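So that you can see what the record holds, here are the features copied from TrEMBL:
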- 121-153: region 'Disordered' (REGION)
- 122-135: compositional bias 'Low complexity' (COMPBIAS)
- 172-221: domain 'PHD-type' (DOMAIN)
- Tyr174: site 'Histone H3K4me3 binding' (SITE)
- Cys175, Cys177, His199, Cys202: Zn(2+) 1 binding site (BINDING)
- Met185: site 'Histone H3K4me3 binding' (SITE)
- Cys188, Cys193, Cys215, Cys218: Zn(2+) 2 binding site (BINDING)
- Asp189: site 'Histone H3K4me3 binding' (SITE)
- Trp197: site 'Histone H3K4me3 binding' (SITE)
Amino acid sequence: MGFLEDFQASFESLPTLLERNYGLMRELDKSLQGVQQQNEQRCEQEIEDIKQGIESGNITRSRSSLIRFSDEALDEQKHCIRIADEKVALATQAYDMVDAHIQQLDQYMRKLEELRQERELATGAGAGASNADASTRSRRIAESNRGGRKKSQLAVEPASIGLELPVDPNEPTYCFCNQVSYGEMVACDNPDCKIEWFHFGCVGLKEQPKGTWYCSNCVGIQKRRKGK
């Protein structure tokens, strides 16, 4: 199971756990309200009894400082504190669960970013190697056809199509357009041609010419040689 599946499985249980905690907190709220209301009524009654005792003389002024609420009232107050503590514990637990999932999500996001960068580096390296290999093949074809060369067809795509890759400054350029080799190209049959190779589109060709072919620069030279 991948880390995304792990996080999804962990995340799916979070709403259920939070709903359980919030449900327990609501029940504690109801219980707390009931105990508080009961305690308030008890304390009010005990305070009223003390007032009446003082007024009737059953409780002397000297003993009034020793008067306190009954054990039942004090137990109810302690019970309210325990309920409040339980509510705080549930709220803290809910916060910790959410915080743990947020931290886990941050870790997964960092992992995804690392994987994305690794893939970009791998793709860039692969494309760079392909571009370098294409340049090497172009140079080899051009060099192998110098002198008594034959017209040939290159199947190297231009490096700029689809990818914004850096152009090798050492890669040779050809044709009237002074661009690197790509697509289909034709060689001029003049061994002294300064350009040598031409793109089909730049010289108006759609297929390999049959027989001898000269570029427009060399056609005039060949005509002058024949005229002598």
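Numbers here mean position along the shown chain, with the first residue as 1.
Using the three backbone atoms N, Cα and C, a Cβ is placed for every residue, glycine included.
A map of TrEMBL features onto the structure.
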| residue | record | CB count, 10 Å |
| --- | --- | --- |
| Cys175 | Zn(2+) 1 binding site | 21 |
| Cys177 | Zn(2+) 1 binding site | 11 |
| Met185 | site 'Histone H3K4me3 binding' | 27 |
| Asp189 | site 'Histone H3K4me3 binding' | 18 |
| Cys193 | Zn(2+) 2 binding site | 17 |
| Trp197 | site 'Histone H3K4me3 binding' | 23 |
| His199 | Zn(2+) 1 binding site | 20 |
| Cys202 | Zn(2+) 1 binding site | 15 |
| Cys215 | Zn(2+) 2 binding site | 22 |
| Cys218 | Zn(2+) 2 binding site | 18 |
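Residues Tyr174, Phe176, Asn178, Gln179, Phe198, Gly201, Val203 surround the recorded Zn(2+) 1 site, their Cβ atoms falling within 8 Å of the Cβ centroid of Cys175, Cys177, His199, Cys202, which are themselves excluded. In terms of Cα spacing, the recorded sites Met185, Asp189, Trp197 that come within 10 Å of Cys175 (Zn(2+) 1 binding site) are Met185, Trp197. Every protein chain shown contributes to the tally, and the Cβ of Cys188 (Zn(2+) 2 binding site) ends up with 23 other Cβ atoms within 10 Å. Take the mean position of the Cβ atoms of Cys188, Cys193, Cys215, Cys218, the recorded Zn(2+) 2 site; other residues of that chain with a Cβ within 8 Å of it are Asp189, Asn190, Lys194, Ile195, Glu196, Phe198, Tyr214, Ser216, Asn217, Val219. Among the recorded positions Tyr174, Cys177, Trp197, His199, the ones whose Cα sits within 10 Å of the Cα of Cys188 (Zn(2+) 2 binding site) are Trp197. Met185 (site 'Histone H3K4me3 binding') and Cys202 (Zn(2+) 1 binding site) are 9 Å apart (CA-CA, integer value). Here Cys215 (Zn(2+) 2 binding site) is compared against the recorded positions Cys177, Asp189, His199, and the shortest C-alpha distance is to Asp189. Cα of Asp189 (site 'Histone H3K4me3 binding') to Cα of Trp197 (site 'Histone H3K4me3 binding'): a span of 10 Å.
The two recorded residues, Cys177 (Zn(2+) 1 binding site) and Cys218 (Zn(2+) 2 binding site), show a Cα separation of 16 Å.
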